[in-house]
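Some notes on the structure that comes next.
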Amino acid sequence: MSALDSLRETFRRDQVFDFMRQGTRVVAPGQLDAGDGKNILYLEDITVSFDGFKALNDLTLYIKTGELRCIIGPNGAGKSTMMDVITGKTRPDSGTCFFGQTLDLTRLSETDIATAGIGRKFQKPTVFPEHTAFENLELAMHDAKGAWHSLFTRMTGEQKSWIEETLAQVGLLDDRHKVAGLLSHGQKQWLEIGMVLMQKPQLLLVDEPIAGMTRQEVERTGQLLQSLAGKHSVVVVEHDMEFIRSIASTVTVLHQGSVLAEGTMDQVQNDPKVIEVYLGE
Amino acid sequence: MRDSTFKGALSDRTAKTFMGVLFGATLLVTLLNQVFPPDSALHVSAYTVTLLGKYLCYALLALALDLVWGYCGILSLGHGAFFALGGYAMGMYLMRQIGDRGVYGNAELPDFMVFLNWSELPWYWQGFDQFWFAALMIFLVPGLLAFVFGWLAFRSRVTGVYLSIITQALTYALMLAFFRNELGFGGNNGLTDFKDLLGFSLQEDSTRVALLMATAISLAGAFVLCRWITGSKLGRVVLAVRDAESRARFIGYRTEHYKLWVFTVSAILAGLAGALYVPQVGIINPGEFSPLNSIELVVWVAVGGRATLYGAVIGAILVNYGKTVFTGIMPEAWLFALGGLFVAVTVFMPQGIVGLVEKHWPSLKQRFLKTPGDNDTPMAEGEQS
């Protein structure tokens, strides 16, 4: 272990000397600490390699609480790998990944990360095809997840209206008793966003939300994502520049596993490095 | 949406129809056996009573498999093992009931132990002279085996065809073990020559009828239990595990716990089926562990229709009735017929008989309305919820 690594180990973010901070900070172990003005996600010097190929190369990225952040990049830039690292599917070879001030994501299981408040919408919609839209949301609902609990539990009126609210939010209230396998592609994408919302996430990771959607559906998806920001922090990974321009405040460009540029859409589009990567050679 | 409490499962239409048909048929057979004298044309022989009881045991076993296969997507090719273990637990109790009426007249030791020159009862035979203890073991032994086996398999995320193969290996290994005389379960002869159960002679017609009733009640109870499970949120999670396990895991469900839960409940039901089966057929031997039995069981459920519960029951009864008839005419061809049936069902009616009936239900209904009273598929009718 290098001197730098041992220093980092000593000053791990979840073990900072609390007395050195101003004011009192009361955070129970395992609780998310991402209050006012703080970042909700800290990725620092993350490196992931598969058989020598570096999918992520010293990636450093911060997401502010409540912001809507778009991440773009050419194929193989490491967008999906980054999502995998955040959700615990892939472990980084080096680097730190913190959710709020206290939760070390590299040490939590996939299930624990989901419970801690990170929801992910996958690129390919994977709703439960044999369940209705309503049941899909019921399954995703933030609740005790044990087998015995599930056997004896009965849905409260509160839970029912919460599910219906979410159905209305994603525009599926009229189709709530339709089997999810019969929904259109766009509706499945929304249902999936709804399922992520039912987990009461602090941070939403949305992977290519508009792939294969009609223009109208794209518009509604943009509105939906914008309405979610503020209450949640939203990270959107997308190829479509037009779509990103229509929703984003801040854009991060990934290239070869690290951050190439960051800023508003205009700043990013005029950045010579970005132009080179996208149009270059 | 159905009422998801146990009471709700008991009073829903499908369960009521199911119990109506089941108890109706059982009472009819009982009546025909008990009321009419043997020389009457309407008399039903004790043989038929026992045969029906046997079918109902198979139906209960099929129900157990449908719960894990149809709903949870775990294709167990070793469910016969749990059935046989339940059967052996009951067989051990029945052996101890023989007492000194055996061939060797030994009050303490079953005949085969005397034959093997054993001087005392092995420790694992202790307690089986008590019915309550045997009854406990009927549930405990298959349940515990399923729990340990499932815990190891599901925790290691063994799924699909690999899981099917190791369940098959499990039942095969148990068969080989039970064939050995040293294990103390009667070797290849198994346990047989039973005299009475709870003091009632197994040769009496009334005992046979009572066993049929007990089987029907167990089947009905298991049906309601399974309806309750599949209608609860747990049932919906289990379906989700079947359709998209990694997604369910991602939402936060410990999918291996759910699979283990369902697998264990199913094994317990299979054990109960075995325990009811043994006093009716009068023998339990290691042949019950044979992998072929477990595969036949899968065919019953496939023929009836997966993930409907009553489909498994219909399939088990129909295929076994076919087997009884067929093996009477051409015994050597039965396995070919069974294999052909499985292929035909997989290719032409993947949803089984129930799926076929449900698909053609609207046109069938019209025909039935023209000829009221004609009612071939009363159980399929209930599933409209």
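Using the three backbone atoms N, Cα and C, a Cβ is placed for every residue, glycine included.
Please treat TrEMBL annotations as automatic predictions, because they have not gone through curation.
Record features (TrEMBL):
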- B:17-36: transmembrane segment (TRANSMEM)
- B:42-61: transmembrane segment (TRANSMEM)
- B:68-90: transmembrane segment (TRANSMEM)
- B:131-154: transmembrane segment (TRANSMEM)
- B:161-179: transmembrane segment (TRANSMEM)
- B:209-229: transmembrane segment (TRANSMEM)
- B:258-277: transmembrane segment (TRANSMEM)
- B:297-321: transmembrane segment (TRANSMEM)
- B:333-357: transmembrane segment (TRANSMEM)
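Ranked by number of Cβ pairs under 8 Å to the transmembrane segment (B:42-61), the listed stretches B:131-154, B:161-179, B:209-229, B:333-357 are led by B:209-229. By the Cβ criterion (distance under 8 Å, sequence gap of 6 or more), the transmembrane segment (B:297-321) is counted as touching the transmembrane segment (B:209-229), at least 3 such pairs being found.
The stretches the transmembrane segment (B:68-90) and the transmembrane segment (B:258-277) are in mutual contact, each linked to the other by at least three Cβ pairs under 8 Å (pairs 6 or more apart in sequence).
Three or more CB pairs closer than 8 A are found between the transmembrane segment (B:131-154) and the transmembrane segment (B:258-277), so contact between the two stretches is assigned (pairs 6 or more residues apart). Only sequence-distant pairs (6 or more apart) were considered; of these, at least three Cβ pairs between the transmembrane segment (B:17-36) and the transmembrane segment (B:209-229) are under 8 A, so the stretches are in contact.
Long-range Cβ contacts of the transmembrane segment (B:161-179) within its own chain (Cβ-Cβ under 8 Å, at least 6 residues beyond either end) map to 74-81, 84-85, 88, 149, 153, 185, 187-188, 190, 286-287, 289-291, 294. Beyond the transmembrane segment (B:258-277), the same-chain residues lying 6 or more positions past its ends with a Cβ under 8 Å from any Cβ of the stretch are 53-54, 56-58, 60-61, 63-65, 67-68, 71-72, 74, 76, 79, 82-90, 135, 138-139, 141-143, 145-147, 150-151, 154, 211, 214-215, 218, 222, 225-226, 229, 234, 237-238, 241, 284, 288.
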